[in-house]
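Working notes for the structure below.
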């Protein structure tokens, strides 16, 4: 048992010119202070205390000398030309050494800090120091320091040594035996003279005379408990659980693919179908002529005789089916290979009832190349984005480890398990699901792509007129985005804070945007956005997210500008969708032509046909979509949510869900079927997303607040004693995104044997 001595002094003198000086000389060190003891705050404020209590650095008996008496000298002096009264009291501490799993209560103040000793038991390699208080303020600091004298236990020097963090009602520090060669350490508790560091009110600036405060009552009751942390075996179990959970998806995919292969082979042997390749394209033994879709009101084109139809099919006959060309002319031609493409599509896309054959008239090979640009661009973006991110978070982690300042990173300290140089390995490990499932999705898409190419080489060229056009570029881009979300989320959780929040959300924006583009591309393959404009739009969104976090807390002007941009962008996009990309504001008289064209469109489409719009289904979707987006804009303008990044992500997700719901409703309304696999994926997506969002809203930390306020939200682990609520969110969100991707991939498999001039566009 280690004995410690505490010295209490008190002086009634308020003369700052002649303080009373106390010097304590021990065998291995000297400790000194003055009374009145002065603490300095913001704006030259000073806080003076006439009562001071300090614990002397204990001298532990050595095996060579054994227990022995220690001599302590206390020197009291003052340069005052008059007598000063003081009080001196020396006491022996009864509970200086803390015990494992035993709570200890005590009181501290700015002028009366406390520290205690803890020794590691033989069978414990890591402990968690848990400190709680019923009161939020005064702000305090918890520090873990090595057994070195002197102990830094005042506000101005507590950060000089060891590991420390600020605290309001709760703090937790994980300490490992390997970091302390002596297998023991001091736990220091310091009360700060001001509360601004913990989110309290900031003192106003005082001009002229320096503001002095005497003997401000800032006492705080604290309770400290030291509990053993998890053992190494738990790390192994958690890693096995993480990898095996997601590798089971690989096993499930192999089983589904094998069952599908067996069923197709049986049908082929039965002679009902030719050997199925998985791409769903039927074999036709005779030429197929595309008839005019029923229900077209005007501008109907006989595709079997139009020059456009011959232009579409002639290149296919001249080259082996499925072959590609590297002609740069084709890539630079805006993907229009028909001489009359501009005049044709102006007529075709204004038909009241559009069919897929009307919007899949461009050369398949060139359109596929257009969508492959999404894949190559996102790889380039990922490389250039990820490399500086990794360098930055490594620097952050190094700074945390070197300085000991645990206020830099916003962890859930009650469930932050270190490994090596990483402070919260569990938050990083839980992101492995995004990477594994993203790679699995790439394999699934690659399989479909290969089987589709084989089918194109084996089957009649006229079978191109069946089913949804197979363009896999966007699917590849979605798989890469899911993998990068795992990588960047792991980087963010190396040291989550205000400066790197966008690492965790950037690719979430891109995933939501790519999903909407893919859903739209399914039945509008010829008029989807180019990769360059899409990624440029994502870049603008990410810039707005950064600006929103910086300026969106209290600046009304930002929310006004953002809401205007949001509403105008919704209207502009709605116009493009409603008119299938054929809306152009032009005219003979430059400026006046713009307004004349806009007024004419408004009159003809909104006033003359207000009873029934020309494109009713599209109009319903766009009205609901605009109402949702305008509601988001009004909500943001009125309430100005602090978590702007999540606010933007919510806008993307709501728009994606709205469009997906509309698509499924229109699909069922058109008498199309949902096959078992997409139906299962839809149900799994809904269930897993619901569970994931529950854990997402269990806020465990927040970099929008001070580190001390963020720690009030910390909670213990809930899964295997290793993962917290946010880790479970990582697991479930990875699975939910994977199922969402499978929905988009398999949703229209029922149309593989349906002619495109019978597939409606919506």
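Including glycine, each Cβ sits where the backbone N, Cα and C put it.
Note that this is a predicted model, so its numbers are computed, not measured.
Taken from TrEMBL, the feature transmembrane segment applies to 238-262 (among others). Beyond its flanks by at least six residues, the transmembrane segment (238-262) meets 278, 426, 429-430, 432-433, 436-437, 440, 443-444, 447, 677, 720, 722-723, 731, 734-735, 738 of its own chain at Cβ-Cβ distances under 8 Å.
TrEMBL lists 273-336 with the feature region 'Disordered'.
Per TrEMBL, compositional bias 'Polar residues' is recorded for 281-295.
Annotation comment: TrEMBL describes 304-314 as compositional bias 'Low complexity'.
Among the features that TrEMBL reports, compositional bias 'Acidic residues' is placed at 327-336.
Among the features that TrEMBL reports, transmembrane segment is placed at 374-394 (among others).
TrEMBL lists 428-446 (among others) with the feature transmembrane segment.
The feature transmembrane segment is assigned by TrEMBL to 474-495 (among others).
What TrEMBL lists as transmembrane segment is 501-520 (among others).
Summarising the annotation, TrEMBL assigns transmembrane segment to 532-551 (among others). Long-range contacts of the transmembrane segment (532-551) within the same chain: residues 373-374, 377-378, 381, 498, 501-502, 505-506, 509-510, 513-514, 517, 558, 562, 565, 644-645, 647-648, each at least 6 residues beyond the stretch ends and with a Cβ under 8 Å from a Cβ of the stretch.
Taken from TrEMBL, the feature transmembrane segment applies to 557-579 (among others).
Here TrEMBL flags 619-638 (among others) as transmembrane segment.
Annotation comment: TrEMBL describes 644-665 (among others) as transmembrane segment. A Cβ distance under 8 Å defines the sequence-distant neighbours of the transmembrane segment (644-665), meaning residues of its chain 6+ beyond its ends; these are 501-502, 504-505, 508-509, 512-513, 515-516, 519-520, 522, 541, 544-545, 548-549, 552, 566, 621, 624-625, 628-629, 632, 636, 674, 682, 743, 747, 762.
Annotation comment: TrEMBL describes 677-697 (among others) as transmembrane segment. Residues of the same chain lying 6 or more positions beyond the ends of the transmembrane segment (677-697) and with a Cβ under 8 Å from any Cβ of it are 256, 664, 725-726, 728-729, 732-733, 735-736, 739-740, 742-743, 746-747, 749.
Away from its own ends, the transmembrane segment (728-747) comes close to residues 242, 245-246, 249, 427, 430-431, 433-434, 436-438, 440-441, 444-445, 448, 475, 478-479, 482, 485-486, 489, 511, 515, 518-519, 522, 660, 663-664, 667, 674-675, 677-678, 681-682, 684-685, 688-689, 691-692, 695-696, 698, 718-719 of its chain (Cβ-Cβ under 8 Å, at least six residues beyond either end). Under the heading transmembrane segment, TrEMBL lists 728-747 (among others).
Packing against the transmembrane segment (501-520) from elsewhere in the chain are residues 374, 378, 385, 389, 393, 474-475, 477-478, 481-482, 484-485, 488-489, 491-493, 528-529, 534-535, 537-538, 541-542, 545-546, 549, 577, 645-646, 648-649, 652-653, 655-656, 659-660, 663, 703, 737, 740-741, 744: each is 6 or more residues past its ends and has a CB under 8 Å from a CB in it. Between the transmembrane segment (374-394) and the stretches 428-446, 474-495, 557-579, 619-638, the greatest number of Cβ pairs separated by less than 8 Å involves 474-495.
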